[in-house]
Amino acid sequence: MIYLKAAVVWLIVAVVAVFAVSSSGMIEVAANREHSGPVGWILETAREASVERQAASIDVPELDSPDMQLAGINDFDAMCVGCHGGPGKERSSAGRGLNPIAPDLATVATERTAAEIYWATRNGIRMTGMPAWSASHDDQSLWPVVSFISMRLPDLDSAGYAAMLEGATGHGHHSGDSGGHTEGDGESHEHGNGADQANDPAVPATEEHDHSTHEH
Ligand code: HEC
């Protein structure tokens, strides 16, 4: 009985302490400071374990069709490069300010399975800048990006990437958006625009809407 009372008292003390610390304003939230060692470790370990566990039950479709990869590079260039960077491509000004910084996906592709890449892309990662792309894209648009990242990206240098991107005109729903709309990329999904442009030989698709080189 006495142990039970002591346990209840400690529980109340713990709840009050958590409330006091949370509302004191002392927990650091600035993105330009690092997490303390233990907090960073907990978050990273939890993310890796969670993604691995949830990706285990995903059925991965065939990913080695060249058409799929061509659609994937266009979408990767329009949707991912701003934060993650790419071969010969710097992160955008917004991407450089993220904490945690978005990792180089060529390296990620060598460490994670396609199912894990798909899971993170589709669902996002809470409390980081990684968006849930399921909010705006269905599986038909997401698997090509995963296929490109997982099967092609690790082998591309900047020249290879530029050449593949040029050859991808007309593939994928972001064809024609290249280089743009990477900072948030919310409004460009009224499908069609990019593709129409890409099909029109008079319009140099990869040079339209290029905000990626804009620096302050
Ligand atoms: C607005 C910025 C932003 C955009 C745009 C973005 N990401 Fe991310 N992404 C992040 C951040 C930040 C992380 C790191 C999260 C972490 O470390 O916990 C991340 C993590 C990931 C991971 C997990 C990496 C790992 O180590 O397991 C994958 C996979 C990923 N992103 C894929 C994509 C793909 C594919 C796209 C484009 C469709 C994309 N991201 C677009 C910010 C972004």
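Here the Cβ of each residue, glycine as well, is placed from N, Cα and C on the backbone.
Summarising the annotation, TrEMBL assigns compositional bias 'Basic and acidic residues' to 174-193 (among others).
Here TrEMBL flags 206-216 (among others) as compositional bias 'Basic and acidic residues'.
Confidence over the domain 'Cytochrome c' (67-153), given as mean pLDDT on the 0 to 100 scale, stands at 96. Under the heading domain 'Cytochrome c', TrEMBL lists 67-153.
TrEMBL lists 167-216 with the feature region 'Disordered'.
Counted with DSSP, the domain 'Cytochrome c' (67-153) comes out as 55 helix, 2 strand, 30 coil.
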